[in-house]
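Straight from TrEMBL, the features:
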type: ACT_SITE; residues: D126; note: active site, charge relay system
type: ACT_SITE; residues: H200; note: active site, charge relay system
type: ACT_SITE; residues: S509; note: active site, charge relay system
type: DOMAIN; residues: 14-93; note: domain 'Inhibitor I9'
type: DOMAIN; residues: 118-550; note: domain 'Peptidase S8/S53'
type: DOMAIN; residues: 624-721; note: domain 'Subtilisin-like protease fibronectin type-III'
Amino acid sequence: MISSTASNQLPQHYVVYMGSSSSGEAPGIAESDHLQLLSSIIPSHESERISLIHHYSHAFKGFSAMLTENEASALAGHDGIVSIFRDPILQLHTTRSWDFLEAASGMQYKHKHPPMSSDVIIGMIDTGIWPESPSFNDDGIGEIPSRWKGVCMEGYDFKKSNCNRKLIGARYYGSIQRTYSNNKTYMAKPDDSPRDFDGHGTHTTSIAAGAKVANASYHGLAGGTARGGSPSSRIAIYKACTLDGCSGSTILKAIDDAIKDGVDIISISIGCALEEMTGLIFTVLSIQLPWIFTVAASNIDRDFQSSVLLGNGKTLQGSAISFSNLNRSRYYPLAFGEDVAAKFTPISESRNCYPGSLDTKKVAGKIVVCTDNDLNIPLQIKKLVVEDARAKGLILVSEDEKIVPFDSGMVPFAEVGNLSGLQIIKYINDTKNPTATILPARDVPRYRPAPTVAYFSSRGPGQYTENILKPDIMAPGVTILAAMIPEKEAGSVPVGNKPSGYAIKSGTSMACPHVTGAAAFIKSFHHRWSTSMIKSALMTTATIYDNTGKPLQNSSHHFANPHEVGVGEINPHKALNPGLVFETTTEDYLQFLCYYGYPEKNIRSMSKTNFNCPRINIDRLISNINYPSISISNLDRHKPAQTIKRTVTNVGCPNATYISRVHAPVGLEVKVFPNKLAFIEGLTRVSFKVLFDGKEASNGYNFGSVTWFDGRHSVRLSFAVNVE
C-alpha cells in the first residue's frame, strides 16, 4: 500500500499558467524555454518526463507536464509563473426546441439568416462528431471564409474528405492515462480520431448549428424538421472529451487551438465560453465566473407519455420514451418492489429496486413498481435491475423526474407522479391478483406549462461569488431531438427499425448549445457586436413567462426565482433588437479579479498590462462590474443603502428616451437615478445608478428587476439582493 505522502510524489498532470500570450514570441523558442524550465526541477534519472504534454500560446502562455507535488511547488516559485494547478477531469454534463423559442417570441422565424451568416464559425469542444449525419451536410453553403486557419485532422476512421464547407475543421487530442508503474513512468494513450463514439458531441453540435433535415425522428417520436439555432454557421470540432470525461488541460489546449484557428464562439460541454473573454481563459474551468455564460435547462412544449392501464379499468399517464411491445390485449401481474424482495433485503432497498434487492423468481413475468426515494441509484440502474430479473416492465414513482422522460429503449416503462403512484400501490394492496400493461410512448404536443426548470438544472447562487447572478439564463435542455451516432447496443432499436440517426436527450449539455446557436444567430446579423453585447442582448430580452401566461415555474410547481432560471428563457429573435446593451469590458474582468483577491502583480502578468487595481478591493464591489444583471450577496439592513452603477450602450434608434420602471418585493426599497435616459446622435453611452435599501425587507434573497422602456424596447435588468 502506498502512503499518502508517497502518493503525493507520484507524477501528476499539472497545468502551468504564465500569463497572457505574447504575439511576437516564436512558438519554438517558448517551447524550448519551457523544456529548460522542466529540466531544472525534474531529476536527470527521470528525463523521460522532461516533455510538454500541451503547449499554450494563443489563449494564454503556458504548458502542461507530468510533475510531482514537490516539483510543482518548486516550479511555482520561478519568475514568470502565475499559477500551477492539477489537471482536473470534468464530466459532461430539434427539433421542436427552436420552433418553441420562436413561438414564444411571436415571430415564427420572421428573421431569415442573412447571406453573411455562414461566415460565423462555432468551435465545439466535446466528444467529436459523426460527420456522415445529414445535419452536417453543406448544401447551399458557400466557400470557407479565407480567415479560417484551422485543419481537418485525419484518423484511422476519419478522412479529410469528411470535412466540408459546413464542417470546416476537426481536431483531436491524446488522452492522458493516469496510471503509473514503478512510481514514475506514465503513458500517453491516444484517442486517434475526431470521430464521436459517445454521441454527446454530435448531439450538441447539431443543436447549435445543424443543417435543416426534413422528416427527422427518433423511431417515429418527435417527428419533424431538425435544425440547429444557426443552421448556416460553420462548425469546427475539437475532440477534447471522452467517455471518461474531459481533461482540463486538454480543454485549455482546444481553446488555444480554437482561437488560433479563428472561431467566433466556443461551446464547451461544461459551459459556454465566448471568444472575446479568452484573455482570462486560465479560469475557464470555474464555470460560474463572469466571463462564462452559464445556462439553466428547461423543458419545451412537447412531452412523451406512456399509458399505464390497470386491471381495474383505470388509465394513468406516465412520462416515458419507450418502445414497449405490450398492448391492450394482454395484462401482466403487477407487484410493488417490496413485495418481490430478495431474502434479508431491507424494504427501503427493494422499494427503490437496488441491485440485488429483488427476487428473480418472484419478479419474472411481472410489471414491477419502484419508488425513487434514493437518488444514489440512477434510473438506468433501476431499469437494468428489473430487466435482469426478467420483469415485463417498470413503473417508477417520482414527482420531480417525471417532467424529464427517460429513454428505456425496448423495456416497457412509465414514470408517474406521487398521486398516480399512490393509486397504483393502493390498487396492488387492495387486489388479490393486480394486473397492468404499459403502452408504447407517444408524442404529446402543446404541453403546458413550458418552459419550466428541469430538476437536474444547477441552481445558484454562484459557487465562487454571490455578487454575480448565476445561472445567467435558461434554455431548452429537456427531450431535445438532435443528431446522434448510430445505435449499437443490443435491444436499443425497435424490432423492424433501422438504427436512428437522431436521438432524444436531456441535460444541461443540451441547453448550452441552444445559447451557442442563439449567439451565432445574433452574430450573423450584428458582425461587429462584441460577445458581451450579444450576451447582454440575450439576457435583457429573456422571457419570464411560460406558455400559460404565468411566471416561470420550477420542477416543484412553484414560481421560479433567478437562482433557478437566471434572467429567464432565451428569446433569440427579440435579442436581435435589444435597444440597449451592457458592455462588460476587459477592465471589468480585471477589476473582478482585484475584488476577488488576486494579487495585482499576477493580474498584470495575466493581462500583460500595467493595470492598477482600485484602492479598495473587497468582494462586495464585484456587484459593480458592468454585468447585465445585479447580485448583492450581503445587504446589511443596519447600514446605509448600497448603490450599484451600470452603463448602457444604445444600439437602437439614435434619438431615444428610456424611462425606468422598478419591480421589487415589498419592503425592499429600490430607486433608480436618473430615472430617464436620453440618447441623441453622437451620445451612445449613458450611466445610471440603482440604490438598494433593505431596512424593511425580508431576510434572505429578494428578487426583482429594473426595466427601461422607450415605447419599442423593454430592457430588463434582473437583480438578486440578499438582505441580512
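These residue numbers are counts, starting from 1, taken along the chain as shown.
Note that Cβ sites are derived from N, Cα and C of the backbone, with glycine treated the same way.
All features noted in TrEMBL, drawn onto the structure.
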residue	record	CB count, 10 Å
D126	active site, charge relay system	29
H200	active site, charge relay system	24
S509	active site, charge relay system	26
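H200 (active site, charge relay system) and D126 (active site, charge relay system) are 7 Å apart (CA-CA, integer value). Between the alpha carbons (Cα) of S509 (active site, charge relay system) and H200 (active site, charge relay system) lies a span of roughly 8 Å.
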